[in-house]
Every structure is written in structure tokens, then in C-alpha cells.
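**Q** The structure under discussion is supplied below as C-alpha cells; questions concerning it will follow.
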Amino acid sequence: MRTIKEKKEHPRLRKTARTKKVTHRKLSSGPVCLLCFQEPGDPEKLGEFLQKDNLCVHYFCLILSSKLPQKGQPNRGLHGFMPEDIKKEAARASRKVCFVCKRKGAAIRCQKDQCVQNFHLPCGQERGCLSQFFGEYKSYCGKHRPTQNIHQRSFGESCVLCCEDLSRASVENIRSPCCSQAIYHRKCIQKYAHTSAKHFFKCPQCNNREEFPQEMLRMGIHIPDRDAAWELEPGAFSELYQRYQHCDAPICLYEQGRDSFEDEGRWRLILCATCGSHGTHRDCSSLRPNSKKWECNECLPASTEDSVSENLGDTPCCSSTFCPHEPFLRATSLEENPGSSWTNWLQPSLLEKPESSSGSSCQSWRSKGIKVTKDCKKSK
């Protein structure tokens, strides 16, 4: 009898051990998210890892949780999510099983009607689920997610951003709405959106700022509402506040060297008035004691050409051929042209019938400064 009981107990032990293996989570040495039980991970996929009062959670897990309200102001709690509400949501999610990993704690549910799929955010991303970061922040399983019409022949092409081959899985590729031939990797577009942010995010090919961001939001791309990443780097524009401090004259006469100067006087450093990236001491370029304007050799030819073109206006280069001593006047309307042209001097009757012209025409010709021929005198 003892052997029969032992045989009956062994399967039970094996069964309980198997169930413990499924429900038991891998222990982590560091903090984990309360809503997905994952470590900080990639901020482009899971968002910023927030910690406050022994409460750790991913930013994307907060805003995508199905039943978590945002009751506070943005400066309270974790971006407006109160700690007590987060704990209540974690307690509710502890009764929901993820359809991917078969573990409890799934706080995100598919928003399609009559769909009961629940999942953790990292698990859903691996299985093709999609989350939208606008409006009601809806999430969908792989069966009900928004899709695009990407032709099968496009899979042999390359991504416009990374120039590598496109993935065979259509959920990992995104087609541009404004440039229909352009297809990107989802991870490339997400990295581009995370770097450029809302104010600089546009189509990489045609610079579309309206249709392109809207389609990317629909397809689950997170576009942060902040300045671009290159503007948030500490000291990114520090060189713009540095003044040029070097004498670039062919021969520097200052005893202390080219990198030294005085605030006033002969050895004051004068910067180029056009570019500001070259300088000289007053005495090194033979400037007047009170002069404050100087131009380097690189900017001087350009400024000289600009001044010449402004003085000449619309004067053509061949004006000296017509009149070497007087400025050339274009044949425009009478209001613009103060002088009379040759066609205005000749009357229509004289041009058509010269023999019928009277002596008054010769008088008018003399008044215009034109010599009268002998034929005209005879007719007079």
C-alpha cells in the first residue's frame, strides 16, 4: 500500500513543480516595472523609467494601461499619475493573464470590441501588438492592429534611413503616406522620431509635416512633445557664446602675441564686421585709433562686389560702348525715361511722307539738335 501511495504522490509533485516553473518570474538584481515586471530596458520601446517612493514603472506602461486614470497635475506624482492609482492598477492587472507569456500582471487590453486579449507591453511588442500615443492611447493585438498596404515586392528593397534590407514581416515596416515608394523599418522611424521630437519630425524625403506625422502616430510611432535631442545636450551651443580672440594679420606687431589684446587703444582686437571669425589688432592692420570696423581678406572682395553692384544698379556691362561719357538710359516708359528717344523725335507724317512735310518740321528738328539737310532747306 505504501508503494501505491508513493506512486500517486509523485505525479502531484511533478505537476506542482511544473506550475511553479510557469508562474515563477526571473528575479532581477535591479528595480523592475510594477506593471510589466521588466527592467528599465530601451527608452525608445518602453519609455523613461520612472522611480519615486519605492515605486518603479515605465512611462509607456503608465499611459497605455487600460484602467489607470491621470487625476493629478503634470508636476504631481509620476507625470500626473498618482501613486495610489498606480498601485490599484497593478492590483487589477495581477488578475489578468498575458496571452503571450501566460503570466499574470497584464495591464494592457486590446481595445477592439469583444476582444479579451491582455498583454504586457514588452510581450505585446514582440508579438506584433500596436499601441497609439495620441488621443485615448489605445492598444491593439496583432489581429486587430491598424495595417498598411505594403506590396510583397517591396520586401526585397532597402530602408531609406539605414539602407539595409527590409524585414519580411510587414509589421516591422512602415510605408510613407506622402512618398508611397519610401518604406522604413519601424525601429528606424522610432529612433528618428525620438531624436527629432515633435518640432522637427517630418518626412525624410519631401519634408512633409502634416500627413507624415499623423500616419506615423496611427501606426504606433511615439513622437515626444519636447525639443530635439541635439538641443537638450548640455553645452550644445556653448561655442556660439565664445568670442573670437586671435589676431590674423600677416605680421602681428603686439609683443605679447596674437592671442593677447587690450580693451582699448592700439592693441584692441577688431573682429571682421561680416563674418566675425577673423580678427586683427588696430596697429597690425594700420587702422585708425578710433576705428571699430574692419573686414578680413575673405569677406572684403564680396563686400566690394556688393557695393559696386548697388552703385551701378541695372547698368549693363556694355554701357560704355553706347556713350562713354554719359550714363546709359534704358528705353522704358516716358515717366521713367527723362530723355526723348529717336523715334519720339520723328513725327509719323514725316516718316510716312517726307515730301509732304512742311517747314515747321525742320524747325522742330533744329530744336532737337539735328542738322537739317539741303533737301529740307529747298522744300522750305
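Cβ atoms are placed via backbone N, Cα and C, with glycine included.
Keep in mind the model is a prediction, meaning the values are calculated, not measured.
Pulled from Swiss-Prot, these are the listed features:
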ZN_FING   30-68  zinc finger
BINDING   Cys33, Cys36, His58, Cys61  Zn(2+) 1 binding site
ZN_FING   96-145  zinc finger
BINDING   Cys98, Cys101, His120, Cys123  Zn(2+) 2 binding site
BINDING   Cys110, Cys115, Cys141, His144  Zn(2+) 3 binding site
REGION    150-306  region 'Required for interaction with ubiquitinated UBE2D2'
BINDING   Cys159, Cys162, His185, Cys188  Zn(2+) 4 binding site
ZN_FING   159-207  zinc finger
BINDING   Cys178, Cys179, Cys203, Cys206  Zn(2+) 5 binding site
BINDING   Cys247, Cys252, His281, Cys284  Zn(2+) 6 binding site
BINDING   Cys272, Cys275, Cys296, Cys299  Zn(2+) 7 binding site
COMPBIAS  352-367  compositional bias 'Low complexity'
**Q** If you measure Cys36 (Zn(2+) 1 binding site) to His120 (Zn(2+) 2 binding site) at Cα, how many Å is it?
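**A** With the alpha carbons as reference points, the distance is 5 Å.
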**Q** Same chain, outside the zinc finger (30-68) by at least 6, Cβ under 8 Å from its Cβ: which residues?
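**A** Sequence-distant neighbours of the zinc finger (30-68): 77-79, 81, 83, 85-87, 89-90, 92-93, 103, 105, 107-109, 111, 120-123, 125, 131, 133, 137, 139, 187, 190-191, 194, 222.
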**Q** For the Zn(2+) 4 site given as Cys159, Cys162, His185, Cys188, which other residues of the same chain have their Cβ within 8 Å of the site's Cβ centre?
**A** Val160, Leu161, Cys163, Glu164, Leu166, Tyr184, Lys187, Ile189
**Q** Could you please provide the mean pLDDT value for the zinc finger (30-68)?
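**A** That stretch averages a pLDDT of 91.
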**Q** Say we define neighbours as other CB atoms within 10 Å of the CB. Which of the binding-site residues His58, His120, His144, His185 has the fewest?
**A** His144
**Q** What is the separation, in Å, between the Cα atoms of Cys252 (Zn(2+) 6 binding site) and Cys101 (Zn(2+) 2 binding site)?
**A** 75
**Q** Based on Cβ atoms within 10 Å, give me the single least packed residue among the binding-site residues Cys110, Cys141, Cys272.
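**A** So among Cys110, Cys141, Cys272, the binding-site residues given, the one with the fewest Cβ atoms within 10 Å is Cys272.
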**Q** Which numbers of helix, strand and coil residues does DSSP report for the zinc finger (30-68)?
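**A** Residue counts in helix, strand and coil order: 10 helix, 8 strand, 21 coil.
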**Q** Could you give me three numbers for the zinc finger (96-145), the DSSP helix, strand and coil residue counts?
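**A** Its residues divide into 6 helix, 10 strand, 34 coil.
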